[in-house]
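Data block below; observations after.
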Amino acid sequence: MNKNKKGFKLFFIFPVIAFGLGTWQVYRYDWKKRLIQRAKDRMEEDPIELSNSFIKNFKGSSFGDLNKYEFRRVYLNGKVIDNQYVLLGPRSIDGTLGYYVISPLQLSDGTRILLNRGWSASTPKSNYKIPYAIEELKLIHQKEKEQGQQQGNQESILYRYFNILGVISKTKERGSAFTPTNQPEKGQWYSLDVDAMADQLNTEPLMINTMDETEINSKPSSLPNPQFKRFDNDVESSFHNKHMSYIGTWYTLSASLFFIYFRYMRKLPK
């Protein structure tokens, strides 16, 4: 009997571990709240101009310092290369599958950065692998190509100029345990990796999330600009913050195990 009691005492370690994990999640929750508040504070600051000189200050390895600019609003203008892109997803919004469309943006000095133009729902005819925005862009360029051929211009315009208001993006996101590994060679991007995407599209490792864009064009296209779900001021949606549920889970488990321990310890013979 003494052996049983001694063995059951070892059970005490499990509720202690669960309590420790719950406490660790409390600290994680507090840390995440500070990150979110810092992002909110940055979003409230006046937008800064994302000039060529700003980009040059972060050339090379110093792009690692961009974390202090994450969630700062910026305004810029440049040439969006419509026919070059990566699709990040699929991501579900309001029960609909879609992708974020990320294209190169070329500034006046030729520097290229990444521009996340926003989320677009997938088309059923593509087996939900291509967003509507890509189909719309193809229609726009096909129309421009036909107009150019009528005017004796055999080249299709595959870029357009925009004024853009956006937010400096984080450079990487951690997916869940079930998120597949990115496969750039197959064009499959399941989680954000700005460095790898920059290599794929030959840009600097800097990405802007578009909040608003206005086309600069003296001869507007006869077709409307593709509709994207843009980024807004809802900063919290950019953070994976489930620490409160983890806190509840671990503390509940700890309390249950403590209850089992003390209840059955009293029943064991001395």
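Glycine too: its Cβ is placed from the backbone N, Cα and C atoms.
Residues annotated as transmembrane segment in Swiss-Prot: 7-29 (among others). Among residues of the same chain six or more beyond the transmembrane segment (7-29), those with a C-beta under 8 A of the stretch's C-beta atoms are 241, 243-244, 246-247, 249-251, 253-258, 260-261, 264-265, 268.
Taken from Swiss-Prot, the feature transmembrane segment covers 246-265 (among others), and the record attributes it to sequence analysis. Beyond the ends of the transmembrane segment (246-265), by six or more residues, the same chain brings 5, 8-9, 11-12, 14-16, 18-19, 21-22, 25-26, 28-29 to within a C-beta distance below 8 angstroms of the stretch.
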